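A.B. asks: Provided herewith is a single structure, encoded as structure tokens, for subsequent inquiry.
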Amino acid sequence: MAHYHASAATRGSMEIVPYSGELDVELPPVDVKRQDSLYRDATMPAHAGHHGQESWVRTLRLAFQCVGILYADLGTSPLYVYANTFKNGVGHPDDVLGVLSIIIYSFILFTMIKIVFIALYANDDGDGGTFALYSLISRYAKVCLIPNQQAEDELVSRYRHRAKPSATLRRAQWMKNLLETSKAAKISLFFLTILATALAISDCMLTPPISVLAAVNGLKLRAPHLTTDQTVWITVGILVVFFSVQRFGTDKIGYTFAPVVFVWLLLMAAIGIYNMVKYDIGTLKAFNAKYIIDYFRRNKKKGWVSLGEILLCFTGTEALFADLGYFSIRSIQLSFTFGLLPSVLLTYIGQAAYLRKHTDMADISNVFFNSIPSSLFWPTFVLALIASVIGSQAMISCAFATMSHLQALNCFPRVKILHTSRRYSGQLYIPEVNIFLCISACVVTIGFRTTGFIAKAHEICVVLVMVITTLLMTIVMLLVWKVNIWWIAIFFIVYISTESIYTAAVLYKFTHGPYVPLAMSAVLMLIMIVWHYVHVKRYKYELEHTVSRDEVKDLLERRDLKRVPGLGLFYTELVQGIPPIFPHLIEKIPTIHSVIVFITVKRLPIPHVDVSERFLFRQVEPKEFMVFRCVARYGYRDKLEMANDFVKVLVEYLQYYVRDLNLYGVGDEPLKIIFHSARVDSFTWERKPSGHVIYAEEMLTPAQSFSELTMHPVSMSSRLAHFQTGKMNLEEMLKIEEDQKIIQREVDNGVVYIIGETEVVAKPHSNLLKKIIVNYIYSFLRKNSRNGEKMLSIPRGQLLKAGITYEI
């Protein structure tokens with residue numbers, strides 16, 4: 001047995017000297033078994049929650065800022081709700097009270113209670129929306145259709161942040177088993193997620209037209225000669241300008257114009273109070289839910305169908321949930337409860353009071369602008385127009401974020417994603433999506449011409465996303481939350497039943513406009529399903545045809561194989577094993593670089609991965625050939641670095657891995673680790689008779705040198721079972737230094753990026769449907785999407801492509 005003292009001079013190096021100090025305490029020995037997979041310690045401390053303790057000053061500042069980002073869409077819905085609900089006139093004076101009562105309780109039930117006070121807590125480390133719910137579920141159950149999950153992923157600190165469900169919760173275990181063992185459950189969950197995503201994108205092409213057109217229609221009160229065609233083209237002009245400025249990163253609009261939206265909400269509330277006092281204070285009776293019953297009793301089927309227009313009062317709720325990442329839960333709850341809720345409800349109450357006295361169609365068709373005092377028309381019109389643009393901005397930002405998430409799921413062809421702000425990672429701009437939404441919004445405006453027709457198309461998106469959110473929320477409650485089963489049952493019964501009534505009312509009018517977003521959603525879903533289906537099939541094909549260890553050894557030991565100077569980065573999607581394209585390349589060109597690293601860029605179901613936890617390394621035998629496997633892990637919101645910056649970080653962590661590999665991983669037998677003291681400078685290693693150290697599932701974080709651990713006794717004790725080392729001598733130290741020098745020398749000689757150009761075709765005997773999907777639809781999408789080297793920002797002069805065809 002030998003004793004050593006470790007002290008560091010610089011990061012990445014250490015000095016080993018004999019230690020002759022007195023031993024204080026002996027801890028029990030620890031045996032660590034080898035795990036035959038990629039390994040590396042994810043030892044970063046758990047991050048504080050996104051919504052942890054925060055000062056009230058910061059909360060109030062965020063509450064004010066989220067007024068500009070989140071509430072403009074919800075705050076502009078009074079522009080068109082009553083006009084569309086009573087498009088055929090008011091049949092009975094109390095119908096206004098009935099509709100107002102439905103608006104009040106729908107807004108409170110679906111927006112306030114469901115989203116603001118329940119769903120916001122089902123966030124994925126601060127991110128909200130349907131995709132975040134799916135990511136959260138996938139952290140607790142293996143529901144991903146691509147078999148690339150690794151045990152090491154759960155060691156990432158943000159992955160660890162949420163503990164797994166307790167084994168005592170039988171329902172959580174039951175739900176987990178159901179999702180993991182049932183292929184139908186996995187596919188259904190995936191289908192619901194992409195359906196909600198497709199609907200959300202379709203909604204984004206409807207929100208700008210209906211909001212801006214409703215605001216522009218206010219001009220008719222001051223310019224009666226203005227025709228419908230003229231208002232349509234004014235709206236189109238505003239939309240074109242609106243989409244043109246997206247490339248500048250207009251998420252900043254929400255922060256810059258938060259005061260504008262705040263003034264807009266105050267103005268709406270003031271006008272609402274004015275109308276209520278002037279026309280009919282009795283509209284407050286609408287808080288009595290009996291008016292809802294009376295409304296349906298009088299109008300029967302007609303009243304039920306009108307629910308489709310009434311639900312427009314909470315459009316924008318999905319964006320509120322999806323844009324959670326900018327703010328904290330408490331700031332949203334505070335600003336919603338004391339800001340948006342009273343303002344919007346007072347506006348609806350004021351308009352209802354006006355309608356009680358003015359039932360002519362001329363008054364109803366533009367009730368919002370008709371009900372305001374004439375002296376406030378122009379300020380109100382300008383604010384309404386600005387608020388409608390800001391509300392549209394929130395939806396467009398949501399579309400960009402959603403498309404980025406789809407890329408992470410490998411559910412959509414590659415598109416160019418630009419980050420418009422270095423400070424805010426969530427500020428994205430996708431040129432292709434922006435052009436598509438711009439054209440779609442203009443076509444919708446020109447085609448439908450009025451808010452009434454656009455509203456019908458808008459309804460289907462809102463209601464189906466509501467239902468899917470309820471279903472995914474129920475799964476989260478069963479699988480993740482430790483909530484009493486009766487509360488879950490109440491939540492599910494209340495919301496699925498009420499939302500089903502709204503859904504039925506919307507679907508009843510299917511032929512009057514909702515087919516437009518459904519048709520667009522169907523096209524988007526077809527693209528997602530085809531792209532993901534082929535991606536899964538291709539991954540499984542590569543997994544089944546990975547090159548065995550013996551085959552790799554034979555390839556590397558071929559006499560005709562030439563080694564050329566430089567570092568070769570070979571990109572592959574496999575997280576383990578060598579892809580079949582490698583021997584194909586060697587067969588065609590029997591030349592490889594002096595150092596080869598097989599790189600897999602992998603997205604985890606968490607928003608962010610810290611750079612210190614990004615890389616998993618493993619060396620491929622035989623070691624003297626300097627061939628490594630590496631998995632570079634990113635969160636679905638993380639930005640990929642430029643190729644040169646990526647290489648710098650990769651090489652840095654590869655150097656640490658080479659050091660740690662020689663220090664802690666040189667054999668196969670278990671190692672007994674004995675700590676003789678909690679003091680910084682005294683610890684002991686005892687080898688078993690074989691004299692070998694072990695491989696482990698978890699290695700020291702490469703950013704931490706061995707000596708840095710010894711300088712922190714608490715940290716060192718806590719990692720007792722996570723590292724191993726052996727007796728170091730000068731020869732081993734020189735070996736580490738030599739390997740690190742070789743890597744650096746080859747990097748200096750030049751880096752070459754090798755990308756496999758994989759063509760996927762259906763097998764000759766496949767059925768006709770599969771041939772159409774793979775050979776035609778997928779092939780068309782692939783040819784018209786961005787190349788992998790562009791997504792990875794690889795310089796053309798350093799790129800090498802290797803082609804191969806897979807039959808799936």
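Cβ coordinates are placed from backbone N, Cα and C, and glycine is handled just like the others.
Since the structure is predicted, the reported quantities are computational estimates derived from the model, not experimental observations.
Annotated domain 'K+ potassium transporter integral membrane' per TrEMBL: 62-551, in sequence order. The transmembrane segment annotation in TrEMBL covers 96-122, 187-219, 255-277, 304-322, 334-355, 376-396, 428-448, 460-479, 485-508, 515-534. What TrEMBL lists as domain 'K+ potassium transporter C-terminal' is 565-808.
Give me the structural setting of these features: burial, nearby parts and distances.
C.D. replies: Here the transmembrane segment (96-122) has long-range neighbours at 74, 81-82, 85-86, 90, 128, 132-133, 136, 283, 285-289, 291-292, 294-296, 298-299, 303, 306-307, 310-311, 313-314, 317, 320-321, 324, 329, 332-333, 336-337, 341, 344-345, 348-349, 352, 355-356, 466, 469-470, 473, 476, 480-481, 491, 494-495, 498-499, meaning same-chain residues at least 6 beyond its ends whose C-beta is under 8 angstroms from one of its own.
Within the chain, the transmembrane segment (187-219) has long-range Cβ neighbours (under 8 A, six or more residues past its boundaries) at 73, 76, 79-80, 83, 129-131, 133-134, 137, 143, 145, 179, 226, 231-232, 234-235, 238-239, 242, 315-316, 318, 322, 366, 368-369, 377, 380-381, 384-385, 387-389, 391-392, 395-396, 398-399, 402-403, 405-406, 411, 436-437, 440-441, 444-445, 448, 450-451, 454-455, 457-458, 460-462, 464-465, 468-469, 471-472, 475, 517-518, 520-522, 524-525, 528-529, 532.
Listed by sequence, the residues of this chain that lie at least six past the ends of the transmembrane segment (334-355) yet keep a Cβ under 8 A from its Cβ atoms are 59-60, 63-64, 66-67, 71, 74-75, 77-78, 81-82, 86, 90, 96-97, 99-100, 103-104, 107-108, 112, 116, 262, 265-266, 268-269, 271-276, 278-281, 283-284, 286, 313, 363-364, 367-368, 370-371.
With a cut-off of 8 Å between Cβ atoms, the residues of this chain six or more beyond the transmembrane segment (428-448) that come close are 204-206, 208-209, 213, 232, 235-236, 239-240, 243-244, 246-247, 249, 396-397, 399-401, 403-404, 415-420, 454, 457, 513, 516, 520.
If you look at the transmembrane segment (485-508), the same-chain residues 6 or more away from its ends with a CB under 8 A from one of its CBs are 109-110, 114, 118, 171, 304-308, 311, 459-460, 463-464, 466-467, 470-471, 473-474, 477-478, 514.
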A.B. asks: For the transmembrane segment (376-396), which recorded stretch in the set 255-277, 460-479, 515-534 gives the largest number of Cβ pairs separated by under 8 Å?
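C.D. replies: It is 255-277 that shares the most Cβ pairs under 8 Å with the transmembrane segment (376-396).
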A.B. asks: Sort out the residues at least 6 away from either end of the transmembrane segment (460-479), same chain, that have Cβ-Cβ distances under 8 Å to it, and list them.
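C.D. replies: That would be 110, 114, 118-119, 122, 130, 133-134, 136-137, 140-141, 165, 171-172, 175-176, 179, 189, 192-193, 195-196, 199-200, 202-203, 206, 308, 311-312, 314-315, 317-318, 321, 487-488, 491-492, 495-496, 499-500, 502-503, 506-507, 514, 517-518, 521.
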A.B. asks: What residues elsewhere in the chain lie close to the transmembrane segment (255-277), defined as a C-beta under 8 angstroms and at least 6 residues from its ends?
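C.D. replies: Residues packing against the transmembrane segment (255-277) from afar: 64-69, 71-72, 75, 78, 283-284, 339-340, 342-351, 353-354, 371-373, 376, 379-380, 383-384, 386-387, 390.
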A.B. asks: Calculate the per-residue pLDDT averaged over the domain 'K+ potassium transporter C-terminal' (565-808) and state the result as an integer.
C.D. replies: 73
A.B. asks: State the residues, same chain only, that lie 6 or more residues beyond the ends of the transmembrane segment (515-534) and have a CB under 8 A from a CB inside it; answer 'none' if no residue qualifies.
C.D. replies: 145, 190, 194-195, 197-199, 201-203, 205-206, 406, 409-413, 440, 444, 457-458, 460-461, 760, 773-774, 777-778, 781, 808
